[in-house]
Every structure is written in C-alpha cells, then in structure tokens.
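Please read the structure below before turning to the comments.
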Amino acid sequence: MEPPDARAGARRAPRLLVLALLLAAPPGSKAEVRLSVPPLVEVMRGESVTLDCSPLGTHDYFMLEWFLVDRSGARHRLASAELRGSELRDKELNSRGRSPPYQLDSQGRLVLPEAQVGDERDYVCVVKAGAAGTAEATARLKVFAKPEAPEVSPNKGILSVMDDFAQEIATCSSRNGNPAPQIMWYRNGQPLAVPLEVNSEGYMTTRTVREASGLLSLTSTLYLRLHKPDREASFHCSVHYYLPAGQHGRLDGPSFSLTLHYPTEHVLFWLGSQSTAEGWVREGDSVQLLCQGDGSPTPEYTFFWLQDKQEDVLKTSLEGNLTLERVQRNQSGTYGCRVEDFDVPEDAELSKTLELRVAYLDSLELSAGEELSLPLHNSTTVTCSARGLPTPTLYWTKDSAPMGEDPTLSLHSVTFDSAGTYTCEAYMPRIPLLSRTRSFRLLVQGTPELKAKETQPKAEGSWTEGDEVTLICYARGYPKPKLTWSQLGGSPTEPAPGGQGWVSSSLTLKVTSALSQDGVSCEASNPLGNTHHVFHFGTVAPQTSQAGVAVMAVAISVALLLLVVAVFYCMRRKGRPGCCQWGEKGSPPPGEPKLSHSGSQRPEQTGLLMGSASGGAKHGSGGFGDEC
C-alpha cells in the first residue's frame with residue numbers, strides 16, 4: 001500500500017508544474033486574467049443558489065479555488081479544481097460541517113443547496129491561469145426570510161384619559177425574519193409617526209433578538225397619551241420586510257380597541273315610549289324615561305320628579321332607565337335625570353329635565369238617552385260634552401256618514417229618513433289612538449209610510465187568467481208597522497233588505513177575472529194609523545181551451561203516422577204490376593178477386609192483411625207476401 005505522503009506528493013505534482021510554468025514565464029510578459037463574478041447574489045431562505053466564477057477569454061488550463069470569508073476576515077477554502085479544456089479535474093470540497101454540503105458543478109460554480117441565514121458571507125473565487133496570471137473576485141450572498149404574521153398583545157386594562165403621560169397601548173411581535181423587519185403602528189388606518197425617544201405624548205420601543213436558527217425576531221411596544229376620541233379608535237400594527245430584487249412585503253396584525261376611563265361631559269334625557277313632539281303620552285300607558293351620559297365607565301343615574309321646586313327622588317341605578325307604569329293625569333309634570341360622576345369638575349352641569357304631559361279623555365255625555373223618540377216633522381237638538389286634555393275635537397256621524405264638527409246636533413222637521421243611529425266622537429289630532437264615542441238612536445213616530453212594488457203583465461198590454469204574480473209591499477214608521485193583505489197567503493212582516501227601518505211582506509197568487517174588478521190591497525198599520533195600497537190588474541183575458549187543442553194534436557199525429565206507413569209499403573213493392581195502383585174510381589186492379597168483406601175496408605189494408613197471413617211465403621228482401 002502506498003503511504004499517504006506519497007499520494008499527497010502525487011497530487012501536488014501538477015500544481016508544482018503549474019507553478020514552475022508561471023515562474024518560467026519570460027521576463028516582462030504581462031499576466032492578466034479577468035473574472036465574471038456577480039458582486040451580490042440574493043436568495044430566499046431554503047432555495048438553492050449558485051455562485052458563478054467564469055474567466056473571461058479563452059484559457060486551456062487554469063486552477064480554480066473558492067474561499068469563505070468569516071466575520072474576522074479570515075479565508076477558509078471550500079473547494080478547488082483544475083480545468084483542462086472543458087474537463088474539470090481533481091475536485092476537492094470542504095463543507096465545514098454544512099448540511100447539505102457545498103457542491104461544485106461542471107463549470108466550477110459553487111452551489112449552496114437550501115440556503116440558510118448562516119450562509120450570508122463573502123465568497124472569494126481565485127483563478128490561476130499560468131502565464132496569464134492570477135485573478136480573484138468576491139461575491140456577497142444575501143439570504144432573505146419572510147417573517148411570521150405579527151402577534152399583538154393589547155393592554156386589557158382601563159386606561160384613563162385624565163393622565164398627562166403616555167401609557168402602554170400594546171406590544172407587537174414578529175418572529176423569524178431576515179433581515180430584521182420593521183414594525184409600524186396605525187390608528188384608524190392611518191400610520192402613527194411616533195419617535196423612539198421617550199416623551200409624554202407618545203413613543204415606541206423596539207427590541208431585536210437573533211434566534212438559534214440565525215433568524216431575527218422583532219418586538220415593538222407602543223406608548224400614547226390618550227384622549228376621549230380614542231374610545232372609538234381602532235389600532236393595529238404591521239410588519240414590513242425585505243425581499244430580493246428590492247421588493248418589499250407587508251403583514252398586518254389584528255385590529256383592537258381600548259377600554260378608556262373618561263369623565264361625563266354631556267347628558268341626554270328623553271322619553272323612550274311612544275309620545276308626541278310636545279311630550280304627550282296617553283293616560284294608562286307605561287312610560288319609559290331614558291338617561292344617558294357619555295362617560296366611561298357607566299356612571300350612576302338619579303331620576304327625580306320636581307314638585308314645588310323640590311326634588312322627589314324616584315330611582316338611582318346604573319341602567320339609565322325608569323319606567324312609570326300606567327301613568328295617570330296627576331303624574332304630569334317635570335322629570336329630571338342627574339349623572340353622578342365624581343371625576344368631573346364640581347361646577348359641571350350633568351342634569352337634564354323634561355316635561356311629561358299625560359293626555360286623557362273622559363267618557364262623553366249626551367243630552368239624550370240611548371233612544372230618542374220624536375214625532376214626525378218635529379225638531380230638537382242634542383248636545384255632546386267631552387272633558388279631556390288637550391281639548392278634544394267633536395264631530396257627529398249618522399249611520400257612519402259624517403255630518404260635521406259641532407258639539408250640538410240640530411234635528412229640524414224630522415222625517416222617517418231622519419231615523420237612525422247618531423254618534424258623537426271625540427278625538428285629539430295631536431295624540432293618535434286617543435278617542436271616545438257615544439251614540440243614540442232616533443225613532444221617528446208617525447203613521448206608516450207605504451211603498452208597493454208594481455208588477456207588469458206577462459203578455460204585452462194585459463193579464464191572462466191563470467197568470468201567477470208576486471206582489472210586494474214595503475212600510476216604515478214607529479211603532480213598527482204590520483203588513484196585511486186582502487187575500488190569503490201573505491208572508492210575515494220582516495225587515496227589508498237595505499235596512500233604514502223598512503219592513504216588507506209578499507203575496508203570490510194567480511190572476512183571475514174577479515181580481516180584475518176588485519184588485520188586491522195591502523195595508524200597513526201601527527197604533528198611530530194605517531195606510532193601504534191597491535194593486536189593479538186591468539183587463540184579464542180568458543184562458544184558451546186546452547182539451548180541443550189536445551184532440552187536434554192527436555189526430556194530426558195519427559194521420560202523419562199512417563202516411564209514413566203507406567209510403568214505406570209502396571216503396572217496398574215498387575215495380576210489381578198492379579201494386580200501389582188504383583182505378584179512377586177506387587176499384588181494385590184488374591185480375592184481382594173481389595173481397596167479400598164489408599165495403600169499408602180499403603185495398604191497401606187488405607193487401608197488408610194478406611201479406612201478413614201468408615206467413616213464410618217471402619220473396620226478395622222485403623219479407624212481405626206477393627199480393628198487393
């Protein structure tokens with residue numbers, strides 16, 4: 001086995017040869033080798049990167065070496081090789097514990113698989129080309145890592161706006177980035193320009209930590225002096241990081257708000273229940289009084305009722321509401337709310353008052369009772385009285401038809417048309433759903449008024465005896481009239497369709513000649529009198545005899561039947577000699593024997609009888625005998 005020193009000497013032999021060639025170069029010759037090496041190479045963490053080192057021009061032979069420059073400036077060889085023509089020989093690699101190890105490709109370029117933050121160094125490429133000389137160039141590797149999304153820890157406590165110094169708002173952290181990212185703070189979407197120097201208005205502090213992986217984590221804490229408008233502000237932080245080729249990225253953290261302590265400055269006091277603009281509520285309703293101050297935390301509220309300039313405390317609570325159940329008219333007055341906030345100056349006015357007006361409307365009173373009887377053509381007045389607050393408006397209706405706005409109803413020379421239901425209604429235009437009504441019924445006394453429904457005859461101009469007719473009478477009055485007829489069969493008196501006090505009765509009968517003389521009368525009566533109407537029928541035509549018409553119809557029907565039978569028989573015997581032919585004087589055809597029957601029997605009948613008696617003697621399709 002060959003000793004190690006011998007093998008090392010064999011490897012050094014070509015290098016010594018190259019060195020000898022370089023030393024043997026003619027004096028005065030100019031050696032020049034130029035390299036193409038990118039001064040800065042950028043890569044994302046975890047990606048593979050290749051560092052190029054290419055001599056410019058044509059060189060049949062050169063020696064290539066790659067060095068790593070540490071933080072102290074010392075060089076450490078990573079790889080070496082010789083290039084003869086296009087063939088790379090005698091490669092040597094020293095990974096210095098890197099995993100995965102460095103690689104050298106076929107063109108002498110240094111390959112770093114899965115770039116890490118620790119690979120951020122200067123890499124020196126040295127080329128020795130014999131007589132052409134020696135050259136070296138440095139490539140700086142920059143490794144970028146996208147940081148994790150920011151995590152925010154807001155201050156969960158209650159922050160006072162009355163403090164005159166900046167308070168801690170929140171802390172924002174971003175981990176594992178490279179190079180170190182930047183953290184910015186925002187309020188309502190607008191960036192906060194806060195310095196790093198401590199002051200009373202606002203500043204921020206930052207801290208950077210290098211993790212074991214070589215990545216950087218950044219933490220920023222925001223301090224601000226708070227004001228009352230910040231109670232509705234939205235805060236968040238964002239991380240700005242760098243990418244290759246001058247690009248930038250941004251990651252936003254979740255937004256948050258703060259819980260602030262600030263004194264009450266304004267108080268609102270209003271009616272929460274349905275009410276008018278003037279503060280009117282209906283008697284019997286439940287009324288809610290609402291009070292709200294703009295301080296935080298929620299202050300204490302005191303509700304009171306002013307009576308003779310003295311406060312009658314009704315309730316003290318944190319809810320800011322007071323409910324008055326089923327308010328009455330004597331609860332009208334001035335109500336107030338006061339905010340008990342001990343953080344405000346003593347001279348601050350933190351109370352409000354409002355006027356509560358309870359609207360009421362008592363039952364209506366009429367000068368007439370529920371029913372008013374008045375003789376026909378008499379006159380009277382009815383007065384409607386209402387008591388309420390605010391003053392109600394009165395108007396009258398008759399059977400739901402409006403009559404006008406006036407507390408007094410005047411009835412002049414009443415007729416039966418005046419009878420009906422009169423209603424007085426009181427309402428308040430400014431207060432919805434507050435109204436009352438009171439009604440009375442007017443009864444007009446008098447002899448009944450009668451109206452008949454005339455009928456017209458069926459035949460134009462006159463009635464015919466036996467025609468059926470229905471007669472109808474209508475009547476109205478008070479007391480209620482009764483309808484009777486001069487003939488039996490009238491229907492009972494019933495209210496007529498359409499109302500208005502009318503009643504009706506009907507009678508159905510047949511017209512006779514006796515009715516044409518006397519007619520039919522209808523009478524309406526009540527204790528005050530009666531009225532009647534007579535239905536006249538005029539001339540009544542006698543009825544046509546129905547028996548003669550029936551006999552004539554039967555005779556015509558029989559004659560038509562015999563004619564049809566004769567025609568049918570002749571058509572069946574058409575073409576036979578002597579058939580269906582008679583002499584001029586009605587004698588039988590020649591050659592036929594004379595019948596010994598009575599002379600009243602006709603030949604056609606004889607022929608039919610003979611044919612029928614012949615039984616099975618059939619010829620042709622007729623089915624009758626051969627005799628005519």
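Sequential numbering from 1, following the chain as shown.
Note that Cβ sites are derived from N, Cα and C of the backbone, with glycine treated the same way.
Of the cysteines listed (C172, C337), Swiss-Prot assigns C172 as the disulfide partner of C237.
In the disulfide annotation of Swiss-Prot, C337 is paired with C291 out of the candidates C291, C384.
When the candidates C473, C570 are compared with Swiss-Prot, only one is recorded as disulfide-bonded to C522, and it is C473. Annotation in Swiss-Prot places C384 in a disulphide bond whose other cysteine, of C424, C570, is C424. Annotation in Swiss-Prot places C53 in a disulphide bond whose other cysteine, of C125, C570, is C125. Taken through DSSP, the domain 'Ig-like C2-type 3' (448-538) splits into 6 helix, 49 strand, 36 coil.
Remark: secondary structure over the domain 'Ig-like C2-type 2' (355-441) totals 3 helix, 51 strand, 33 coil, with classes taken from DSSP.
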